[in-house]
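Chemist: Encoded as structure tokens, here's the structure I'll be asking about.
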Amino acid sequence: MGRGKIEIKKIENPTNRQVTYSKRRTGIMKKAKELTVLCDAEVSLIMFSSTGKFSEYCSPSTDTKRIFDRYQQVSGINLWGAQYEKMQNTLNHLKEINRNLRREIRQRMGEDLDGLDINELRGLEQNLDEALKVVRQRKYHVITTQTDTYKKKLKNSHEAHRNLLHELEMKDEHPVYGFVDNDPSNYEGALALANGGSHMYAFRVQPNQPNLHGMRYGSHDLRLA
């Protein structure tokens, strides 16, 4: 049986419409490639499906922009005029915004105020007051944060100082530590005292074993200034 003809009208069923588009897109792409190879033609093909999917083909010997430029020359239609005008309008709008912002900055610095009326001056004053309020709040927040940080550091320093004092007070309760002060046999301690180191103390480890009491451990002496 021969293939039946399809009526050329929009396919209402979305699924069938998408399937038909995919098949015929593949076919037209194939035909474009065949025209390029067989006839040495420059072909540019652009397609958008109903769902917005983009597909294109361009002959390897050219590119899409060159095809558009040749089309403009042949047809006399300016494809980029509307886009260029739109870009120029956007650029002018951005320049106007930039000028307004620069003028506002100068006015906030007390410059370029001659052209302002009483309402504009009052509004500028209100904006400056609000900005100053925000700056002050931020300043007080920073001061409070730094103060809390310094308080924590001071508390830690006091705690470390108390721990050191506690260790010094506990030295007599541990027989493994002996206090040496102004010991003539301790040359280093005597030398330190002679040089003004009145607060130089030496702690020598005393072994608990009786048979080791006569031994000296000069290299293991602990100094506390």
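From the backbone N, Cα and C atoms, a Cβ is placed for every residue, glycine too.
Straight out of TrEMBL:
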- 84-111: coiled coil (COILED)
- 1-61: domain 'MADS-box' (DOMAIN)
- 84-174: domain 'K-box' (DOMAIN)
Chemist: Per DSSP, what is the residue tally for the domain 'MADS-box' (1-61) in helix, strand and coil?
Modeler: 26 helix, 10 strand, 25 coil
Chemist: In the domain 'K-box' (84-174), how many residues does DSSP put in helix, strand and coil?
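Modeler: So the domain 'K-box' (84-174) is made up of 81 helix, 0 strand, 10 coil.
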